[in-house]
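First comes the structure, then the notes that go with it.
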Amino acid sequence: MELLTFKDVAIEFSPEEWKCLDTSQQNLYRDVMLENYRNLVSLGVSISNPDLVTSLEQRKEPYNLKIHETAARPPAVCSHFTQNLWTVQGIEDSFHKLIPKGHEKRGHENLRKTCKSINECKVQKGGYNRINQCLLTTQKKTIQSNICVKVFHKFSNSNKDKIRYTGDKTFKCKECGKSFHVLSRLTQHKRIHTGENPYTCEECGKAFNWSSILTKHKRIHAREKFYKCEECGKGFTRSSHLTKHKRIHTGEKPYICEKCGKAFNQSSTLNLHKRIHSAQKYYKCEECGKAFKWSSSLNEHKRIHAGEKPFSCEECGNVFTTSSDFAKHKRIHTGEKPYKCEECGKSFNRSTTLTTHKRIHTGEKPYTCEECGKAFNWSSTLNVHKRIHSGKNPYKCEDCGKAFKVFANLHNHKKIHTGEKPYICKQCGKAFKQSSHLNKHKKIHTVDKPYKCKECGKAFKQYSNLPQHKRTHTGGKF
């Protein structure tokens, strides 16, 4: 009697079909095929180790290997899940073929007894517990005797439509218009819009929108770091993380922005960078309608509506809505100035301040007055200038009613009423209301006389004294 071979129970995939499966489905396929092979070996069938088995054990892609010659068929559909069907008679014959002479007395004669009736045949799959404890033929598609068993029961029922693959992207997201080849990919994509995270880690409670991400996350708790960097010895839970890490040592930046030419060592960083060039804002606030390019920006913005200020300064007790504002504030206490001008060496505690400072060296004045065309290197200076045209003096003294265009001028004016003199000379102890007055006073204590007359060479400590002196040369006319 002819024995059932591994070729008879093996299932092939084309590259297109293999891509239809997600990671969990590919792993399931590997488990089932290896279990088929082990079952044949355990029954005493003498077979060589097929290339497919070797490939599966090494976790290589199986679609490049040929188990046996197959008839040509049109590409593009994951058809194995609807074509690889066994009739009841075929199952019984196949299990008889698996039992060569001499093996009946080893306990295999009970295999047939598992089928109680033609309408309710149970085929025990031994190691297939991860798919189903048994395959009930009453739930399967009718062929010939109206009852058949599909090899991949799990795929055939719950995922048949989800893994259908066509050359076109037929599954479209109604929210953003993005299209997908596979329905399951669309289902997963929709979770971005809904915020659904159905897969929860039992260890820490963190939730994910993909089961594969949860599986990878679990390695953090298991402390499994299979992938080690040969350069520095650092370990990683994922091979992709090791690949990205290696670029730190090599300096490789393979992902280049087509708009500006900037290069990145990770594709995800490039994708985030591209949003700078794009006007599209994916994340919208439900409270006020304001949109953002990054989800992190939206999350920080939401704190404004909630009144939440989770970042508190231990030095002064000041609280902040965002971590970036808190980090900037800390530099006031530490005196840290990490942003240095390459032209003059002056340092600043904020990158934005350095950017505006550089305009002194470049002469750039990007802010232009629409009324008179005058240009300024700071937006704040332009705003103050506009008040000349509007006649507005928004800053009013509550004591005397005098109004000012600039808040700093109001602040200095208030000192007249309070008598406050916060600026004190360290040399003589004299106090002044304004810092500019103190700077002028300091010149008394120095021998420096920066203001020199071109006519006679006489020098003065204060600029106001120079114009008065010049009148002596002009006969009192200036």
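Every residue gets a Cβ built from N, Cα and C, even glycine.
Feature zinc finger, per Swiss-Prot, maps to range 255-277 of the set 2-24, 71-93, 255-277. Of all ranges given (35-57, 311-333), Swiss-Prot attaches the label zinc finger to 311-333.
With respect to Cβ pairs under 8 Å, the zinc finger (255-277) is most closely packed against 283-305, considering the stretches 199-221, 283-305, 339-361, 395-417, 451-473. Packing against the zinc finger (283-305) from elsewhere in the chain are residues 272, 275-276, 321-323: each is 6 or more residues past its ends and has a CB under 8 Å from a CB in it.
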